[in-house]
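Quick paste of what TrEMBL says about this protein:
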type    : residues                     : note
BINDING : B:Gly176, B:Arg177, B:Ser178 : NADP(+) binding site
DOMAIN  : B:16-131                     : domain 'Tetrahydrofolate dehydrogenase/cyclohydrolase catalytic'
DOMAIN  : B:150-288                    : domain 'Tetrahydrofolate dehydrogenase/cyclohydrolase NAD(P)-binding'
Number of protein chains: 2
Amino acid sequence: MSPTTTTVPAQLAQLMDGTALARRVAGETAARAAEVARRTGSAPCLATVLVGEDPASVTYVRMKRNRCTKAGIVSRHLALPAATTTEELVSTLRALSEDPTVHGILLQHPVGDHIDERAAFEAIAPEKDVDGVTLSSFAAMSFGRPGFVSCTPGGIMRLLDAYDVDLAGKRAVVVGRSAILGKPAGMLLLARDATVTYCHSRTADLSAHVREADVVVAAVGRPRLIRGEDVKPGAVVIDAGYNPGNVGDVDFDGALHRARLITPVPGGVGPMTIAVLLDQTVTAAERQLGLA
Amino acid sequence: MSPTTTTVPAQLAQLMDGTALARRVAGETAARAAEVARRTGSAPCLATVLVGEDPASVTYVRMKRNRCTKAGIVSRHLALPAATTTEELVSTLRALSEDPTVHGILLQHPVGDHIDERAAFEAIAPEKDVDGVTLSSFAAMSFGRPGFVSCTPGGIMRLLDAYDVDLAGKRAVVVGRSAILGKPAGMLLLARDATVTYCHSRTADLSAHVREADVVVAAVGRPRLIRGEDVKPGAVVIDAGYNPGNVGDVDFDGALHRARLITPVPGGVGPMTIAVLLDQTVTAAERQLGLA
């Protein structure tokens, strides 16, 4: 008999089921929202603000509003014309910040190029910043202070916790350094004692960093930027990228054969973002209504 | 003739002369302070607040006040008893924040354990936070927004610039993650397009990270934690550590034979910290007096 080559099927990574976890979180949120309504006579309220009619943004806002309704959160929507100025938007957000019937504020972004997005974000009162976009919220995340987290990084941390990923002393590589995703994700991982590396478009050898990473967070929006062959065997791969055609920032098929845990796209990080938004809205309401 | 062993003396690292650079910066600051006084009739004013009589803190504050005087900055000193409560300190800092004759505020820290240091820092108005300790200043540093930098990280960046250190795409390893040193230093390096890794007490293999670093920033306060033999040949080594006996966080003698540039201790980062403090005080005065 001639020797035969036996291909041992490699163990595939376990999928991190963001859809299921988000459903569980949403259930808890709904129960807490109902309790707020029972004790105060009014439900938590999230104000959503949309400038213009970008189809993707319209869809996202509609999804968020639908989830609010399902969770027993009142959704108040303000649709502003595309020509809205920074001053007008700031004024709208300040009014919502001062409105005691509104507990959380979401400004759907990106807003148009003619608007100073940072100025708009900063018009949101920190205690209503349930999307975690203000400088104040970022600093709070960075220093482990009370405050709301940016929703996608917050969702990532919940996924890691749900799958019992040990972070202390582990190498975490965050690819991307945006204000609402990469930067806060790194700070949250650092707060959990990971050794955190920020990689980005100017990083000289991304593959070398990925190859050393126990945890990879891809948060850059470039299809399959992270090569499957670079994933360290046994690593945890979090794909927060969203690209056309339901393609993430990670070569999923390649990574699947090397990672221990991996988020699918869709159904991984995405559902968690909205779950955290709703959860934080109820928390904001509890605090503002003196229940927490 | 028997073969002889020739020892080629290795090229030693160039020292980054913080004392000389600080002197140059202080000269520019003094000229600007004089201009403020000439145009407004009153000099920039830094309020220094010291709680208790810790000898090191007393010395630091005295040094800062002396430098103020030399630069033509009025130094107003408040010495509070060791038993000062958080509430009393916050109240003092709020009053200084509202006093139009004070342009910058320095709370000497660490304050006593019985005081909520963060609450005290946050009582400093961001526009007077010339020591860069507030959450607002940290977020501004992180996002490249207008604001004051934490003085030691700001001094490090000026040293790197003075010696034309190219940061874009380079690997920077920051050892330490304190709120006023490690975290902001990493954010400032990231803003300059370095690939930044935060290492700390829980990091599994510090040596491995240091060995890959083009730029090392040691900011942890543990004598000679960074081994000379781990320094990558040609690296830039910034030692922001201060330990008893003028010992830094880096094994200086060992690193000297491998680094391209290195800060001595003392005479490296230390002098730059005060230089940045005074520079930012004059900037604060210029802004508050409508000159900038």
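Note: Cβ is positioned from N, Cα and C throughout, glycine not excepted.
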Which has the fewest other CB atoms in a 10 Å radius around its CB: B:Gly176, B:Arg177, B:Ser178, the listed binding-site residues?
B:Ser178
Can you give the mean pLDDT for the domain 'Tetrahydrofolate dehydrogenase/cyclohydrolase NAD(P)-binding' (B:150-288), rounded to a whole number?
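The answer is 97, the mean pLDDT of the model over that range.
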Cβ within 8 angstroms of the Cβ centroid of B:Gly176, B:Arg177, B:Ser178: which residues besides those meet this for the NADP(+) site?
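Checked against the 8 Å cutoff, the neighbours are B:Val174, B:Val175, B:Ala179, B:Leu181, B:Gly182, B:Lys183, B:Tyr198, B:His200, B:Ala219, B:Val220.
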Chain A sits near which of the binding-site residues B:Gly176, B:Arg177, B:Ser178, counting only a Cβ gap under 8 Å?
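Going by the Cβ criterion (under 8 Å to chain A), the qualifying binding-site residues are B:Arg177.
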Provide the three-state DSSP residue tally for the domain 'Tetrahydrofolate dehydrogenase/cyclohydrolase NAD(P)-binding' (B:150-288): helix first, then strand, then coil.
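Across the domain 'Tetrahydrofolate dehydrogenase/cyclohydrolase NAD(P)-binding' (B:150-288), the residues distribute as 56 helix, 24 strand, 59 coil.
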